[in-house]
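Report on one structure; see the data block that follows.
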Amino acid sequence: MKTLLLTLVVVTIVCLDLGYTMTCCNQQSSQPKTITTCAESSCYKKTWKDHHGTRIERGCGCPPRKPLIDLICCETDECNN
């Protein structure tokens, strides 16, 4: 029984990859750099222009592409700065 329990714990750790979390920048436009820990394995940076000028949004994951918005997705820590 102990062997089965130990096996389940090891499989859970391997499947969940508990040893690594991604960090992405999440500041908006020209705000000071801020970092967040993400469950996703990628970061994004969206850039677009509106009546306020050039806008930048950063965060975790990789959202769907939209017209007139430049989107960069990347897969290393803080790669979206």
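Using the three backbone atoms N, Cα and C, a Cβ is placed for every residue, glycine included.
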Among Cys15, Cys25, Cys60, Swiss-Prot lists the disulphide partner of Cys38 as Cys60
Going by Swiss-Prot, tell me which one of Cys24, Cys62 is disulfide-bonded to Cys43. Cys24
